[in-house]
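Novice: Sharing a structure with you now.
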Amino acid sequence: MTTLSPRPDFTPDSDPLDVIRWALGAHGRVLMPSAFNLNGVVLIDLAAKAGYRGEVVFVDTGYHFPETLATRDRLAARYPELTFVTLNDGASPEDGQTDPALYAADADACCAVRKVAPLQSYLRAQAPDALLNARSRDQATTRADIPFVEQGARVKVNPLAHWTRERLEAYAHEHDLPVNPLYFDGFLSVGCWTCTRAVRPGEDARAGRWAGKGKTECGLWAGGNAL
Ligand code: SF4
């Protein structure tokens, strides 16, 4: 297990920029996985402002909305100082990685092959010292206790842990960030088109992910094979 470097006593009011700057100073090589949701877009902007010049790593499952791929491309154009890496670039449901309908029969198995395995393989090869991640507490009850810094298989730094959706939206609006247009149609968390629906009033931001399947996480951030 990686040993944490000493860090300031962050509070819920700590500025995410300070958390990112600490992460960059305390850890030799930092890497940022992203799916380009609202949280992710805000984190990319803040990280660039804080001096991050590393990779933004996205996994193409083959089932992404065209709007998500276009959001990636807009971000890559806006932040040339960052390196946007797409794993499994050009994947498709018929590429043979899984049965094309596996997502319906066994979503955990589909995510394990199409999402978790490519990123785990990449991280094993890259061996970053820490990951920057955009999760926040108010995204879902299952994320209500996310700290700024998590230990686990890898150190994960979550600068937006205490930012609310309203604050994220205000920041994105103020800085004219390229938010996935699906967000404004109620897709507050966007995953694969096969497994995402718009959120209904009163639901939390991730309620549209794998709705009705008893599944809340893809496996990247929770479970036995988490990053
Ligand atoms: S979100 Fe759905 S389609 Fe995408 S990898 Fe997971 S199960 Fe497969």
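In case you wondered, yes, glycine gets a Cβ from its N, Cα and C as well.
Heads up, here are the entries from TrEMBL:
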DOMAIN    30-198  domain 'Phosphoadenosine phosphosulphate reductase'
BINDING   C110, C111, C192, C195  [4Fe-4S] cluster binding site
ACT_SITE  C218  active site, nucleophile
Novice: Hey, what's the Cβ neighbour count for C111 ([4Fe-4S] cluster binding site) at 10 Å?
Specialist: 26
Novice: Cβ-Cβ under 8 Å from C195 ([4Fe-4S] cluster binding site), same chain, 6 or more residues apart: which ones?
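Specialist: Correct list: Y63, Y103, A107, R209, W210, K213.
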Novice: What does DSSP call C111 ([4Fe-4S] cluster binding site) in the simple three-state scheme?
Specialist: helix
Novice: DSSP three-state call for C195 ([4Fe-4S] cluster binding site): helix, strand or coil?
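Specialist: DSSP assigns C195 ([4Fe-4S] cluster binding site) to helix.
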Novice: On the 0 to 100 scale, where does the mean pLDDT of the domain 'Phosphoadenosine phosphosulphate reductase' (30-198) fall?
Specialist: 95
Novice: With a radius of 8 angstroms around the mean position of the C-beta atoms of C110, C111, C192, C195, what other residues of the same chain does the [4Fe-4S] cluster site pick up?
Specialist: T61, Y63, Y103, A107, R114, K115, G191, T194, W210, C218
Novice: What does the structure give for the C-alpha distance between C110 ([4Fe-4S] cluster binding site) and C218 (active site, nucleophile)? Integer Å is fine.
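Specialist: A Cα-Cα distance of 9 Å.
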Novice: In Å, rounded, how far does the Cα of C192 ([4Fe-4S] cluster binding site) sit from the Cα of C218 (active site, nucleophile)?
Specialist: 11
Novice: List the Cα distance (Å, whole number) between C111 ([4Fe-4S] cluster binding site) and the residue listed as 'active site, nucleophile'.
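Specialist: Here the two Cα atoms lie 6 Å apart.
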Novice: Which one of these recorded positions has the most other Cβ atoms within 10 Å of its own Cβ: C192, C218?
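Specialist: Counting Cβ neighbours within 10 Å, the top one is C218.
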Novice: Within 10 Å of the Cβ of C110 ([4Fe-4S] cluster binding site), how many other Cβ atoms can you find? Include all protein chains, please.
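Specialist: By my count, 24.
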